[in-house]
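What follows is a single structure, written as structure tokens, with notes after it.
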Amino acid sequence: MSKRTCYAGDVTAEYVDQEVTLKGWVQKRRSLGSLIFIDLRDREGIVQLVFSEEFDKDALAVANSVRSEYVIEVQGVVKKRKPQAVNKDMKTGDVEVEVHTITILNKAKTPPFYIEDGVAVTEETKLKYRYLDLRRPEMQKNIFTRAHIMRSVHHFLDDNGFIDVETPTLTASTPEGARDYLVPSRVYPGSFYALPQSPQLFKQLLMGAGFDRYYQIARCFRDEDLRGDRQPEFTQIDLETSFLTAEEIQDITEGLIAKVMHDVKGIDVKLPFDRITWQDAMDKYGSDKPDLRFDMQIQDVSELVKDSDFKVFAGAVQNGGQVRAIVLPGGADKYSRKMIDAQQDYIKRFGAKGLAWLKVTSDGISGPIAKFFGDGADLVKAVGANAGDLVLFVADKAKVVADALGYLRTHFGHDLGLIDEQAFRFCWVVDWPLFEYDEGIQRWVPAHHPFTMPNEEDVHLLDTDPHAAHAQSYDIVLNGYELGGGSIRIHNREIQEKMLKALGFTPERAQKSFGFLLNALDYGFPPHGGLAIGLDRFVMLLTGRDNIRDVIAFPKNSKASEPMTSAPYPVADAQLKDLGIEVRADVDPEKEHEGDENLTE
């Protein structure tokens, strides 16, 4: 093979009249009588090749035999295209290569789908032939963007005194929330390693060891149910620092984000990011990860309706609940009763019993509950509505109201075109509760993880009323997605033991699960804190994708399997025998894990 002159996608006017050697894949071939045109593709783009008897008869014959996805090498001379043949949509659209030599480096079967963007093909097929799917320009762009982000992260953190330290992939299983992926030990029959759900404890130990500033592009593993922005194995930008306050850690993180946004997107984000308390986020936006690209804040009308004749509202307030509302600008004419009722059915999944609504008219109000509120002037004024608006109400317990209206706010924000899809709005959500109640397992669990330091003024509550305590924790949010989360950590053994006790750990169980950390805290740990940013999600948002599978080279599908390699699959009996493992077919995985502690961040 000859040495390549440049990438096919980089052949521009500067190469005119020069001899070039190019290599790549055949995107398509077109035969026009005595001429053959081939689009040659590589990672940088496509350039048009021209074959003719005038240039070389043998090359023309070979070109006539190639098919899509053949791998070829060509030599030829770059020429300007005729004005009528210029393609302004291509970087190389001003030129073409008149080829005199072509070599077929490899042939290809007909692919199961066209290698181009926008092709209709099932997700399963794309994953089965991932090496073909990754040839598509948009997929290559996603992976290159990911690499660009990682390079920017490394540069910023290296320049700011952080040291890149690898932590173990084979470690001990600890109750951190999601199920662990377990790795059996051949040397210690009946014992297992766990793949890390995060480097959390190791990075804290590194602070105890005096490294002061740690970072890692860390691979993490969680055996949990999947969705569009989750994978069983994922990557996070992991940071930890000593002797810094939460505000100082947030400042460093903002600097990191600002550099990435500048380097990768050419955007100078506004600093500092907005800060909103957890309670305000829930009250105003119905979410602990609010999308601030549009307003539509939730309004509390509990006081106004607590004595109304509409018993649904009055009863909710009397029973300790709330009545809150959102205003859909111009929604009165846009949404029919049938369309509103469809959302009423949807929000029942949040526990809401129904959805009340009013349309604001020039004469007052109309709708199913209008008769209970006269002309509705006070209600309309309270929520800030105008003629032509639609007002939606939910009455229930605070969490149900927040979850339901938070969903409705996002849904209608998109539907009404209120969201600038090109915008990037970052914010911090701070002052979190230390604990939250998990309705599913009927138990108090950490809002983040059990190593989070309470606010200084709330430390005493660990002895008396731990569920009233707030935490020194903070989440960074981008466009309605949790981009990352962090906290100041507990660096005092006594406080850590109280935290575990509040979670129901006996001293014996605490020592068994976290003894190595508790023992380490006896040896002079500095105050420390950190943060982890989900790299996959960050790349997804910066590339405008809606599924993280599109920004991971070899992801799993929604069932946590990989169609390309057929993983996971049964292994040989001999391998199981070496590990002392017997496979049972009668195990219900859900039942086996009933009662597991949820200690997730």
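Residue numbers in this text run from 1 along the chain shown.
Every residue gets a Cβ built from N, Cα and C, even glycine.
Per Swiss-Prot, the features are:
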BINDING   Glu176, Arg222, His448, Arg489  L-aspartate binding site
REGION    200-203  region 'Aspartate'
BINDING   Arg222, Asp223, Glu224, Gln231, Glu482, Gly534, Leu535, Asp536, Arg537  ATP binding site
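Features as recorded by Swiss-Prot, highlighted on the structure.
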residue	record	DSSP class
Arg222	L-aspartate binding site	coil
His448	L-aspartate binding site	coil
Glu482	ATP binding site	strand
Arg489	L-aspartate binding site	strand
Leu535	ATP binding site	helix
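Largest Cα-Cα distance over the residues recorded as binding ATP, namely Arg222, Asp223, Glu224, Gln231, Glu482, Gly534, Leu535, Asp536, Arg537, equals 20 Å.
Glu482 (ATP binding site) sits 12 Å from His448 (L-aspartate binding site), taking the CA atoms of both as reference points. When the alpha carbons of Leu535 (ATP binding site) and Arg222 (L-aspartate binding site) are compared, the span between them is 15 angstrom. Cβ neighbours of Glu224 (ATP binding site) (same chain, under 8 Å, six or more residues apart in sequence): Ala178, Arg179, Arg230, Pro232. Residue pair Arg222 (L-aspartate binding site) / Arg537 (ATP binding site) shows a Cα separation of 15 Å. Computed over the region 'Aspartate' (200-203), the whole-number mean pLDDT of the model equals 97. Residue pair His448 (L-aspartate binding site) / Arg537 (ATP binding site) shows a Cα separation of 18 Å. Across the region 'Aspartate' (200-203), DSSP helix (H, G, I), strand (E, B) and coil residues number 4 helix, 0 strand, 0 coil. Counting every protein chain shown, the number of other Cβ atoms lying within 10 Å of the Cβ of Arg489 (L-aspartate binding site) is 23. In this structure the alpha carbons, written CA, of Arg489 (L-aspartate binding site) and Arg537 (ATP binding site) are 24 Å apart.
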